[in-house]
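K.L.:
Encoded as structure tokens, here's the structure I'll be asking about.
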Amino acid sequence: MANVVVIGAQWGDEGKGKITDLLSRSADVVVRYQGGVNAGHTIVVDDKVLKLHLIPSGILYKNTSCLIGSGTVVDPKILLKEIDMLIDNGIDISGLKISSTSHVTMPYHRILDEAMEADRGSNKIGTTGRGIGPTYADKSQRNGIRIRDLLNNERLKDVIEIPLREKNGLLEKIYGIKPLKLEDILEEYLDYGERLSKHVVDCTRTIHAASKNKKNILFEGAQGTLLDLDHGTYPFVTSSNPISGGACIGAGVGPTLIDRVIGVAKAYTTRVGEGPFPTELQGSINDQLCDRGSEFGTTTGRRRRCGWFDGVIGKYAVSVNGLDCLAVTKLDVLDELDEIQVCIAYDLDGEEIDYFPTNSDDLKKCKPIFKKLKGWQCSTADCRKLSDLPQNAMNYLRFLAELMEVPIAIVSLGANRDQTIVIEDPIHGPKRALLR
């Protein structure tokens, strides 16, 4: 038995969906532990492109249970659309479970999210506008609606009256937006509750029962390390904790239950939305990475900002997550480049530093110090084992592993499942040094 956490080691969009899908073959239970519909992952199965925001990738495997944990925030409208999409594609969703204590994104959360972002003007933080921040804010203020509340008419009416009155006051008086009607929300969300009721469980008890029965549990994070509310580039962050420690809180397990943490990182770096990005590229190479990597957000459709691999944030991710190994994705995107650069340190006000400054004002001033490596200028898309890779591609991977001081377990070379080199299965393989 092995319990593994999969986290993003950059600013999200690292390809966690594919890696989680790959590892789900060996997992009995997959748990999504934080975030909401602001995250998205794309999975390609038999030439079908499936885009999911809430449901774990493991849903594609018939014998794998998939839990949406207590640390998530659930938009039931979008969740039901995902369920319907999976059913239409012939996928069995009987293994889907939703924590009764997950908080619910309400219509006023989405409206307020968009209104507050518009009100920030030039100081916008790049929110997806999906209501995630306001939902987590209500959770912290103990004013939120939970999944269990959607299952009872009187309960929902009782818990929604005060927050709705407060939100309508904000909508009318601050933003000049028409207030929402209690009756309309009750009717809509009670219907959602009825449709979801058969999937609702005590998430923590379910996970601990699986652990007691020696099941393999995979904890799936959303977003990435640098978007963590406490350890990311605040305020340009999400409203939850994507780092590995968030798995314990969001799933309701102790740290001793976790056997291994695997970080997912692109062979280059991307960021969507606002905030400092030291290795960001401009011009033709940026366009090439964006086009070859199809760098457009699954959730927003926004074009992602692209840059060279940043070893400073990589080492930071290793530290705050306690990474045991790494999955490097989209190596094939670099195939046509004759030269590739990797950031090995920053210049901050004339001083060379090799640590990540979590103060966004300092990070804005950081200038990357690069190491240049030779490209391989041939396709890696059909490589299925390390020995198939061009020598310069191997050199590049070894350099990343040495820089981050963590072994590489998986290399992804395209969107399809089979475009992957698995050096070691992080669930079933022995815990040992791999590609260094």
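Every residue, even glycine, has its Cβ placed from backbone N, Cα and C.
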K.L.:
Going by the IMP site in Swiss-Prot, where ASP13, GLU14, GLY15, LYS16, ASN38, ALA39, GLY40, HIS41, ARG142, GLN223, THR238, ARG302 are listed, which of the candidates THR127, THR128 is also part of it?
P.N.:
THR128
K.L.:
Quick check for you: of the recorded positions HIS41, GLY301, ARG302, ARG304, LEU331, which have their Cα within 10 Å of the Cα of ASP13 (active site, proton acceptor)?
P.N.:
HIS41, ARG304
K.L.:
Max CA to CA distance in Å over the IMP-binding set ASP13, GLU14, GLY15, LYS16, ASN38, ALA39, GLY40, HIS41, THR128, ARG142, GLN223, THR238, ARG302?
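P.N.:
So the binding residues stretch over 34 Å, Cα to Cα.
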K.L.:
How long is the line from the C-alpha of THR128 (IMP binding site) to the C-alpha of HIS41 (active site, proton donor), rounded to the nearest angstrom?
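P.N.:
Per the Cα atoms, THR128 (IMP binding site) and HIS41 (active site, proton donor) stand 15 Å apart.
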K.L.:
Counting Cβ atoms within 10 Å across all protein chains shown, which of the binding-site residues GLY12, GLY15, GLY40 comes out on top?
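P.N.:
The most densely surrounded of these binding-site residues is GLY12.
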K.L.:
Please give me the CB contact count at 10 A for ASP13 (active site, proton acceptor), counting all chains in the structure.
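P.N.:
The Cβ of ASP13 (active site, proton acceptor) has 29 Cβ neighbours within 10 Å.
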